[in-house]
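What follows is one structure encoded as structure tokens, with my remarks underneath.
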Amino acid sequence: MLYLDFTTCQSQTLDYFLLYIYLITLVDASRRRGKTTRSKYDLVFSRGDLLEVPRTLFTHFGIYLGGGRVAHFIPDIMPVVSSDQHRINQMVTNTRLILGVLAKCGSVRVDSVDDFAYGSEILINTMDKVCSRPALQGEEVARRAEKLQGDVAYSLLWYNCEHFVMYCRYGTVMSFQTFQFCKTVRKLVLSRRVAKATALLGACLLLYLRAVSTCATLLAILLPFLIWMAS
């Protein structure tokens, strides 16, 4: 009887010892995993920060997720022409980007800060001073960005990287770049000079082609009139 109790006690002690070793291994692995996910950028950026990278003709936007990772929306043709995840996850080249714009396809992807910035200066949360809406909590911003990962239809004017980050951080879908572009186009196209030039060009075409029909005459008069009134 004493022998059985002693054997049972040894077995329980061995079980507790193995359980202790297992827990120590889990804690050590967790600590190592935490160390590997840390990044020098975590000292500069906070999770949910809106990052801006000025380019030559535009500004690119992204949401910082922590660990040196940035979620951003970028036009990309690769997900359409290939199912190879290794090729898709590679950094987007200019060719992939331009073809993505033309095909109106893109993806919300996660890249490193270095790949996102591509050597340019990074600005932090400058939209907070411009947008009338208050920024959401950083964790909520990051969760929204992570939830939207994947292939998304892209539009240079109506849904681009700025629309994406504005929704994630402020809960509204808008783009100041699109607004400025449309404003500039309006000034160039819908101006009195353009209206006068259109009227003169229409009259010259009517005389040159000798096609003074009712339809052509109305078009030559109506088009410059509409531009004049919209200017």
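A Cβ is built for glycine as well, from the same backbone N, Cα and C atoms used for every other residue.
Whatever TrEMBL says is automated annotation, not expert-curated.
Here's what TrEMBL has on this protein:
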- C161: active site, acyl-thioester intermediate (ACT_SITE)
- 50-177: domain 'LRAT' (DOMAIN)
- 12-30: transmembrane segment (TRANSMEM)
- 197-230: transmembrane segment (TRANSMEM)
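Around the Cβ of the residue listed as 'active site, acyl-thioester intermediate', the same chain contributes H60, F61, G62, H72, F73, I74, each under 8 angstroms and 6 or more positions distant in sequence. If you take every residue in the domain 'LRAT' (50-177) and average the pLDDT, you get 92.
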